[in-house]
Amino acid sequence: MSTTAYPDTILIIDFGSQVTQLIARRVREANVYCEIVPFQSADEAFKRLQPKGVILSGSPHSTTDIGSPRAPQAIFDAGIPVLGICYGEQTMCAQLGGNVESGHDREFGRAFLDVQEDSPLFAGIWAKGTRHQVWMSHGDRVTSLPDGFTIIGTSPNAPYAVIADEKRKYYGVQFHPEVVHTPDGAKLLQNFVHRIVGVKPGWTMGAYREQAVEAIRKQVGSGKVICALSGGVDSSVAALLAHEAVGDQLTCILVDHGLMRKDEVQQVVEMFREHYNLPLILVDASDRFIGALEGESDPEKKRKTIGRLFIEVFEEEARKLGGADFLVQGTLYPDVIESVSFTGGPSVTIKSHHNVGGLPERMKMQLVEPLRELFKDEVRLLGKELGLPDSFIGRHPFPGPGLAIRCPGGVTREKLEILREADAIYLDEIRKAGLYDAIWQAFAVLLPVQDRGRDGGWPHLRIRLRLARGDFGGRHDGGFLPLRHEFPRQCGHPHHQRSPRHQPRCL
């Protein structure tokens, strides 16, 4: 829930779709502020936010079921534009007097939309009489329209694929414009918020920076502030915002648990101490962490051990400073959204960062969460606004438990060193191939498999690694980026391998 009032807001009502966050990201990309709220609290949110327009999301539910989710009637009484997506279209029709039935022919995946009429919703992208690819995912279908609606788009299995009441500015689409598989979907959503709702593109990270800094100053006053700096983008951007707001009232603590990427600790320390003059305490606790993980093979127990030790070390260092009144935390908007239950109602508490969970209560600190209204891509833009280098902002996501979670079995310094080096080699080759920025995430995993061989007469132990890569473009609704077959061989080229006298060979 936003703590700041934005005059031009779009309200997104979430009926439980897996891709609702993508709707919000597309609206934010159009430089318009929006909030996602679960349908259970939509009435309250509508009164509080007074949005200029509303988007109704998809849902796994069926409007034909008794007790299925509905949009607040106040939305349709307010005289503001409404866009229903998939289930959102269906519930809008059902609530306004139309009819929805369970379909015999379900429509999932790529489909083709035939544009029947020109509309402001299609301005600049689709014209009457043309056909375009969209992405469908529905079983139910609209079978009759409420008064005032007309059909402006059809598909072979959805005769009411796009409907409109142009007078009241109500629109419904049976497909999902928020996913990349609808190529013009983002532009369609832009048309809704800019042309139909009439909201101007005023949501920028420059404006957000000013508001966030002022909000931190107001919250903190003359209090003492600490921040757990992990070296990741989120905590770094949060720390810079806090430092801009309160200066030397802030002290950052970086706990080196020995599980970070190659040269990461040194890079973070140099950047924040030398470039930003940010008060930073570096704590080398690697022996403590690695010692506790040495005989542990269960990934969940590893994560909990790391979390527990982090709290212990951070708490010890914070007490050396004489305690603090506030703790800066890099909570993001998805953390807030994901803390809401769509079966039991909104959660009272917000999901804590895995590393600092429990610290505010134990040390009687108040949380400062300057990023809680932002998505990850917006945090990167804010980081750029704050002057963080592109090479830092664009780094791939890295898990809180670090390399320990990519090292099956017990953790040792030798295993970590092998994995750290292999990961660096892999990412170096990804960069050389010009693929780093196209891939959301790529990393090496040390497999618990070994064999022996000889290389030029030298006996060696061969350690097997898995090279993984995630979806491309940071889209999270995409797929895997195919690599050339010879790419893994390049990563294992002899010029990357240490002398067999000193290091095992990695395959």
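Glycine residues also receive a Cβ, built from the backbone N, Cα and C atoms like all the rest.
Per Swiss-Prot, domain 'Glutamine amidotransferase type-1' is recorded for 9-202. Annotation comment: Swiss-Prot describes Cys86 as active site, nucleophile. What Swiss-Prot records for His176, Glu178 is active site, and it gives sequence analysis as the kind of evidence. The domain 'GMPS ATP-PPase' feature in Swiss-Prot is assigned to 203-395; the stated evidence is sequence analysis. Among the features that Swiss-Prot reports, ATP binding site is placed at Ser230, Gly231, Gly232, Val233, Asp234, Ser235, Ser236.
Where Swiss-Prot records a feature, it is marked here on the structure.
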{"residue": "Cys86", "record": "active site, nucleophile", "contacts (Cβ under 8 Å, 6+ apart)": "Ser17, Ser57, Gly58, Ser59, Ser137, His138, Val173, Gln174, Phe175, His176"}
{"residue": "Glu178", "record": "active site", "contacts (Cβ under 8 Å, 6+ apart)": "Val19, Leu22, Ile23, Arg25, Arg26, Ile85, Gly185, Ala186, Leu189"}
{"residue": "Gly231", "record": "ATP binding site", "contacts (Cβ under 8 Å, 6+ apart)": "Leu254, Met260, Glu264, Val265, Gln267, Val268"}
{"residue": "Gly232", "record": "ATP binding site", "contacts (Cβ under 8 Å, 6+ apart)": "Gly330, Pro397, Phe398"}
{"residue": "Val233", "record": "ATP binding site", "contacts (Cβ under 8 Å, 6+ apart)": "Lys376, Val379, Arg380, Gly383, Leu388, Phe392, Ile393, Arg395"}
{"residue": "Asp234", "record": "ATP binding site", "contacts (Cβ under 8 Å, 6+ apart)": "Gly330, Leu332, Leu371, Lys376, Val379"}
{"residue": "Ser235", "record": "ATP binding site", "contacts (Cβ under 8 Å, 6+ apart)": "Cys227, Ala228, Leu229, Val328, Gly330"}
{"residue": "Ser236", "record": "ATP binding site", "contacts (Cβ under 8 Å, 6+ apart)": "Leu229, Val268, Phe272, Gly383, Leu388, Phe392"}
Across the domain 'Glutamine amidotransferase type-1' (9-202), average pLDDT on the 0 to 100 scale:
94
What is the number of other Cβ atoms found within 10 Å of the Cβ of Ser230 (ATP binding site)?
24
Would you list the other residues of this chain near ATP - those whose C-beta lies within 8 angstroms of the C-beta centroid of Ser230, Gly231, Gly232, Val233, Asp234, Ser235, Ser236 - in sequence order?
Leu229, Val237, Ala238, Gly330
Does DSSP put Gly232 (ATP binding site) in a helix, in a strand, or in coil?
coil
Just counting, how many other CB atoms are there within 10 A of the CB of His176 (active site)?
23
Can you tell me the three-state DSSP label for Glu178 (active site)?
coil
